[in-house]
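Chemist: Structure in structure tokens, see below.
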Amino acid sequence: MLRTGIRRIPAMLRTGIGRCPAMLRTGVGRIPVMLRDGIGRYAAAIHVAGAVRYYAASLPIRLGAAMLSLGVLVLIRHATGGYATAGAVVGTLAVAGTVGAPLTARITNRYGPRRVLPALTAGKTLGMLGLVAAVTAAAPVPLWYAAAVVAGLCTPAAGSLTRARWSALAPDRAVLSTGFALESLTDDLTFVVGPVLATVLGSLVQPVVAPLLAALLVLVGGIAMATQRRPAPALRRPDSAVPGEPSTASRAHEPATPPAAGDTPAATDAGPAPTTPRAGESSVPAAAREPQSTASAREARATGSPRKAWATGSPREARATASARPAAGEARVPPSVAENARPAAASAGGPGAARRRTLRRGAARALALRVRTGALAAPALRVIAGPLAAPALRVMAGAFVATGVVFSGVQVSIAAVASGYGQAAAAGPVYGCFGVASMCAGLGYGAIRARSAPHRRVAVGFGCLAAGCALLPFAPGLAPLAAAVAVPGLAVAPTVIAGNTVVQQRVGTRHLAEAFAWLGGACSLGVAVGAAAAGRLVDTYGPRAGFLLPILAAAAAATLVARCARTLAPADPRPDEP
């Protein structure tokens, strides 16, 4: 068999080589069709008027935020002559922004962008101007930190709000995927252009110009977003109030169930008609098959009782409570009279009164048990946690922490390798190949039709990211390193887009802006952790040792997403195609 296989190798090679021209002709022939489809998808996304206007209004804020960190670093470096204080202030600004983004997104969800964005924009602008004034006037350094905290905490969650707007206004999943691709492309573009622009302005013009321009861009973008006429989708679109339930967008594509042939308006108003159970179906009524908590909650809603389901005790007691209420026009019995009459009524009630007392005792015991076990704290914790109560968001936040570790680990390691070759200025262009590859991949991702579930694409994307990062330690020079760093860059944007799609499908619409803000904060946290860890590896084991960190982070994220596939799976398993 081995000899036969070896003999067939030349024939197989000839067959494969002979088929190459036909495959090339087929691929070249499909390019116009693919271009038309891609352009059509982006055109459909651009025609979503409310989302596109909001997206365009957010561009100045994003560019200003991308310029701010490096602009402040250059300004303080020029004022103090060192990097220690500059790095500490920039780190304070980043940590405050990471903490403030989810909080500002929650406040914006609650009160609406038109009320909150002007205040956030004013606070962000004043904080940035105060920081510039404090540095240029040689004010005490604690004032620098205070201004950085104000500027970071008042950061408008522009990217989170625009992604939530896409989720609310996109007509189908294909347009939504293209909108998320535009968002990822914008993030990559601003974080490539912003630092370069800040460096050029700080070096060639004046160090104070870059942060002032960033403050102006934030002011213009905040005003543009706040003056949008269409209200926030989270305040208008009905959705589940429980974080973690599938969003309305994931249920919007389910076909509506048509009414039965015999249904009439009169029958609908009077309630469902009795039906004969089908073959294999239980003859027990649906209400009797419900869990006690579900039936109790339903009875409490039907009777209008303000008591919660856990306090009602049982459907029977809820009905007894409702029947005890006076009807319209009847006189209400004073509580003292009712208390005096209760023993006589109980003695005259016979077995019914005893049964009600038994039910009340059982409800009291159940309530005491829930108090002892802390089950009553769960609803309050869900309200406090917001979208973090959704397991899918917690999983994706952990994966996005690993994404931030990949970003900073690659950047620090490239800078160390370039410095080792004596060409520190080449670190920027080499790392730019990483961002350019991500932009190209995101642009192509938005033009294709996805055929797999988003959580599977996230797992595959992190696996490809880990495999691409494994090439980086073996690049022999800066030019090969620039080519090698583009390989993991191709996996970044598709992975981030698919991760945003997972969160959009598994988190309620009213919590989407805050959920996306948590993802951004998780990525920023990963950037900070990765920069510190990669710097320690580089100082201890050499420049190329830092590349080990992004490899491990991407592999850990792929493992996490694969292990939690059931948690991340959408309620509607169909792909993102129309």
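Here the Cβ of each residue, glycine as well, is placed from N, Cα and C on the backbone.
Pulled the feature table from TrEMBL, pasting it below:
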type     : residues : note
TRANSMEM : 54-76    : transmembrane segment
TRANSMEM : 82-104   : transmembrane segment
TRANSMEM : 116-137  : transmembrane segment
TRANSMEM : 204-227  : transmembrane segment
REGION   : 229-357  : region 'Disordered'
COMPBIAS : 259-277  : compositional bias 'Low complexity'
COMPBIAS : 320-332  : compositional bias 'Low complexity'
DOMAIN   : 392-578  : domain 'Major facilitator superfamily (MFS) profile'
TRANSMEM : 395-418  : transmembrane segment
TRANSMEM : 424-446  : transmembrane segment
TRANSMEM : 458-475  : transmembrane segment
TRANSMEM : 481-503  : transmembrane segment
TRANSMEM : 515-535  : transmembrane segment
TRANSMEM : 547-565  : transmembrane segment
Chemist: Test of understanding: applying the rule of at least three C-beta pairs under 8 Å (pairs 6 or more apart in sequence), is the transmembrane segment (54-76) touching the transmembrane segment (424-446)?
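Modeler: Touching, no - the transmembrane segment (424-446) and the transmembrane segment (54-76) miss the threshold of 3 or more Cβ pairs under 8 Å.
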Chemist: Rank 204-227, 395-418, 515-535, 547-565 by Cβ pairs under 8 Å to the transmembrane segment (82-104) and hand me the top one.
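Modeler: The stretch with the most close Cβ contacts to the transmembrane segment (82-104) is 515-535.
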Chemist: Can you see whether the transmembrane segment (395-418) and the transmembrane segment (481-503) are touching - at least 3 CB pairs under 8 angstroms, only pairs 6 or more apart in sequence?
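Modeler: In contact, yes.
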Chemist: In the same chain, who gets a Cβ under 8 Å from the transmembrane segment (54-76) while lying at least 6 residues past its ends?
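Modeler: Counting only partners 6 or more residues beyond its ends, the transmembrane segment (54-76) has Cβ contacts under 8 Å with 83, 85-87, 89-90, 93-94, 97, 128, 131-132, 135-136, 144, 148, 151, 155-156, 158-159, 161-162, 165-166, 179, 182-183, 186-187, 190-191, 193-195, 197-199, 201-203, 207-208, 210-211, 213-218, 220-222, 224-225, 228, 230.
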